[in-house]
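Each remark here refers to the structure printed beneath this line.
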Amino acid sequence: MGFSFCLAVFISLLLGALIAVFISKWLNSSVHYISSLCAGALAGVLFLELIPHSFGEYNYVTVLLGILIGFPLIYSFDFSVHCFLNKKIKDSKLAFYFLLLAITLHNVPSGVALGNHADISGHLSHIIILHHIPEGMSLMLIAYTAFIKTRKVIASFAFLSVSLFGVVSFGLQFPITNNHLVEVLLGFSISTFGYVIFIELLLPALKVGSKSLHFISVLFGIFIIQVVLFIG
């Protein structure tokens, strides 16, 4: 069952990546508009899935605390990386790794909940598997703009699949009754998503091209995620 769960998550991420490749080839547009599309897709994941789930299922005060802690930490880390590496890593590549971190943190409460309920084949596991489709799509879109090699994207998908199963296994072995740590991690994940959307993707993209087309690209990205979540 462990292997099948990892494989299902990995396939969902790959499916999202294939959708992203199709959209990128179909649009055949400037990389800056693809960045706006990616920002819209991430905004869809954030505002249609992550925030409603976090504030609906957990204590919103602790989640807000995680957001307040997370944003300055991410900003400080980003600033330090740029200073020490002297811009050798592109902002879009940093956005990819920040998003990978955000998804990993977001998977912690979901995986712990799944492990605590020991419901690998139930409804919750299906939701977790399906919601990796838009996340795979978002990662692939950022990888496209950052010219990240395909094997690194696939390796990141494998990492997400295995790390999620590791969290589920941890939840099975050590059930967590105190939700405060989980809530802070969710808040940190939200702040990381927001930082990637606005600071790493959208603001740099808006400096080039038509703002109207960027706005349309963002709306189209949100619409795509809405469709994916509706089908899922």
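Easy rule for this one: first residue shown is 1, then count along the chain.
Backbone N, Cα and C atoms are what each Cβ position is placed from, and that goes for glycine too.
Residues or ranges marked as transmembrane segment by TrEMBL: 30-51 (among others).
What TrEMBL lists as transmembrane segment is 58-75 (among others).
Outside the transmembrane segment (95-115) by six or more residues, the chain places 42, 50, 58, 74, 78, 124-125, 128, 135, 138-139, 142-143, 146, 148, 156, 159-160, 163-173, 175-176, 182-183, 185-186, 188-189, 192-193, 195-196, 200-201 with a CB less than 8 A from a CB of the stretch. According to TrEMBL, the transmembrane segment annotation covers 95-115 (among others).
When Cβ-Cβ distances below 8 Å are used as the criterion, the transmembrane segment (127-147) is approached by residues 5, 8-9, 12-17, 19-21, 23-24, 31, 34-35, 37-38, 41-42, 44-45, 49, 90, 92-93, 95-96, 99-100, 103, 107, 110-111, 114, 153, 156-157, 160, 164, 196, 201, 224-225, 228-229, 232 of the same chain, each at least six residues removed from its ends. The annotation transmembrane segment is assigned in TrEMBL to 127-147 (among others).
Residues or ranges marked as transmembrane segment by TrEMBL: 153-172 (among others).
Long-range contacts of the transmembrane segment (184-206) within its own chain (CB-CB distance under 8 A, at least 6 residues past either end) are made by residues 32-33, 35-36, 38-39, 42-43, 45-46, 50-51, 54, 58, 62-71, 73-75, 78, 91-92, 94-95, 98-99, 101-103, 105-106, 108-109, 142, 214, 218. Taken from TrEMBL, the feature transmembrane segment covers 184-206 (among others).
According to TrEMBL, the transmembrane segment annotation covers 212-231 (among others).
Within the chain, the transmembrane segment (30-51) has long-range Cβ neighbours (under 8 A, six or more residues past its boundaries) at 23-24, 92, 99, 106, 131, 134-135, 137-138, 141-142, 144-145, 186, 189-190, 193-194, 196-198, 201-202, 204-206, 208-209, 213-215, 217-226, 229. Panel annotation: around the transmembrane segment (58-75), residues 98, 109, 179-180, 182-192, 194-195, 199 of the same chain, lying at least six beyond its termini, place a Cβ under 8 Å from a Cβ of the stretch.
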